[in-house]
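Now, the feature entries from TrEMBL:
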type	residues	note
BINDING	TRP17, GLU19, ASN21, GLU30	Ca(2+) binding site
BINDING	HIS78, HIS204, HIS208	Zn(2+) binding site
TRANSMEM	31-49	transmembrane segment
TRANSMEM	61-81	transmembrane segment
TRANSMEM	118-137	transmembrane segment
TRANSMEM	172-190	transmembrane segment
TRANSMEM	205-225	transmembrane segment
Amino acid sequence: MEGGLSSFWGPVTAAEWCEKNYVYSSYIAEFFNTISNVPCILLALIGLINALRQRFEKRFSVLHVSNMILAIGSMLYHATLQHMQQQGDETPMVWEMLLYFYILYSPDWHYRSTMPTFLFLYGVGFAMAHALLRFGIGFKVHYVILCLLCIPRMYKYYIYTEDASAKRLAKLYVATSFLGSICWLADRLFCKEISGWYFNPQGHALWHVLMGFNSYFANTFLMFCRAQQREWDPKVVHFLGFFPYVKIQKPKSQ
């Protein structure tokens, strides 16, 4: 949306959202959509520290780092509204979902070397195709399909988990997905009406914040489930009485 200040980055070449451009700074196109990625970075950093401190498998460290990369890419996209930066946001979204797919399905995959090889080649192929063809609605459909492919295994993990605190993490994951989707759709579909309001609720920025917590809850739940598979006696504990993380107790032989 058009705003007040002049643009440092030049004409807009990427998709815009329901926020006026360059209102607070000539260097940041969509201010709230940019800074709303900070919670995602901080939550991913907390998850990374926990994964490293307790020596979880490297896949979880990579997962938390991918969350941070995605948030940084989103910040650059919304700050500049340039096509290249938009692709720098969208391509890591797909890579991240491929990583979730690997974490969810690899424990039961008999030919273990084939899955990471296929997913790596798929990710590289998508990045090249997206750069050349500039997917629009096709990107969104593709991303939704990847998300839907992860749901059956997430549900399986949920029904086989007896720990009430771990189940609560899964429920928080679903709740933030639902609320975040509503915010995203409202911002996208009803921007004309929202623009006439006295106060813009910044639906896309709320989506970023909710997805930051969504990723953290999903990652923590998956760490718990993986620790159960490895017989590491996982427990969901709460820092300061409310912030959840997984604590494990590895056998001395490990």
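Here the Cβ of each residue, glycine as well, is placed from N, Cα and C on the backbone.
TrEMBL entries are annotated by machine, without manual review.
Taking the Cβ of GLU30 (Ca(2+) binding site) as reference, residues of its chain lying under 8 Å away and at least six apart in sequence are, in sequence order, GLU16, TRP17, GLU19, ASN21, HIS78, ALA79, LEU81, HIS204. Of the two recorded stretches, the transmembrane segment (205-225) lies close to the transmembrane segment (61-81), with three or more CB pairs under 8 Å once pairs fewer than 6 apart in sequence are set aside.
Apart from HIS78, HIS204, HIS208, the residues listed for Zn(2+), the same chain places the Cβ atoms of TRP17, GLU19, GLU30, PHE32, ASN33, THR34, SER36, ASN37, SER74, ALA205, TRP207 within 8 Å of the centroid of those Cβ atoms. In the structure as shown, the Cβ atom of HIS204 (Zn(2+) binding site) sits within 10 Å of 23 other Cβ atoms. The listed stretches are 61-81, 118-137, 172-190; of these, 61-81 has the most Cβ pairs under 8 Å to the transmembrane segment (31-49). Within 10 Å of the C-beta of ASN21 (Ca(2+) binding site) there are 21 other C-beta atoms, taking all protein chains into account.
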